[in-house]
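This report refers to the structure that appears directly beneath it.
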Amino acid sequence: MEHKEAGCQQPEGPILCINNCGFFGSAATMNMCSKCHKEMIMKEEQAKLAASSIDSIVNGCDGGKEHIVAASGSTAVAVAQVEAKTLVVQPTDVAGTSEEVAVVPKVKEGPNRCATCRKRVGLTGFNCRCGNMYCALHRYSDKHECQFDYRTAARDAIAKANPVVKAEKLDKI
């Protein structure tokens, strides 16, 4: 007996993906495998988004509005327009700022030297809190007559790290 169906006939074997990736495709995904089909859909969506963003830049659309771009099928993707950030430049008075020029400290170039014995220290120099660089012999504060007050700095650091907590006095009943 011969069985005839009107319209659709099932293919006799599995169909390879049209991108020749080695996987099998289906008629529902345009003879592509699921991976290639998803990649194709993503590329189409990106192309549509790029085209719409270029159109909005060229046409000068408002930055605060949202536009809805129809994607494949019944899905819709809301695309928020990116507001262009403008840089506000305020003109300054050239004559008024000539007296207010801030002095920028010069960075020492050349060989690094000990501030006490003037010995070259290079990369092995020790920076002190007083702002100078010293060799291994003069790196300690008692060896180079350091002007930095370590006692006050330590006292301030401890006070800052451990604040005094005083509770209010309780009323006697």
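Just so you know, the numbers here start at 1 and follow the chain as drawn.
Glycine too: its Cβ is placed from the backbone N, Cα and C atoms.
According to its DSSP assignment, Cys36 (Zn(2+) 1 binding site) is helical. According to Swiss-Prot, the Zn(2+) 1 binding site annotation covers Cys17, Cys21, Cys33, Cys36.
There are 22 other CB atoms within 10 A of the CB of Cys135 (Zn(2+) 2 binding site), with all protein chains counted. DSSP assigns Cys135 (Zn(2+) 2 binding site) to coil in the three-state reduction, outside any helix or strand. Annotation comment: Swiss-Prot describes Cys114, Cys117, Cys135, His138 as Zn(2+) 2 binding site, evidence class sequence analysis.
According to Swiss-Prot, the feature Zn(2+) 3 binding site maps to Cys128, Cys130, His144, Cys146. A C-beta separation below 8 Å, combined with a sequence spacing of at least six in one chain, links His144 (Zn(2+) 3 binding site) to Ala115, Thr116, Cys128, Asn132, Tyr134, His138.
Positions annotated as zinc finger by Swiss-Prot: 11-45 (among others).
Feature annotation from Swiss-Prot assigns zinc finger to 108-154 (among others); the stated evidence is sequence analysis.
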Cys117 (Zn(2+) 2 binding site): tally of other CB atoms within 10 A of its CB: 12
For the Zn(2+) 3 site built from Cys128, Cys130, His144, Cys146, further residues of that chain with CB within 8 A of the site's CB center: Ala115, Arg129, Gly131, Asn132, Tyr134, Ser141, Glu145, Gln147, Phe148
Other C-beta atoms that fall within 10 angstroms of the C-beta of Cys17 (Zn(2+) 1 binding site): 20
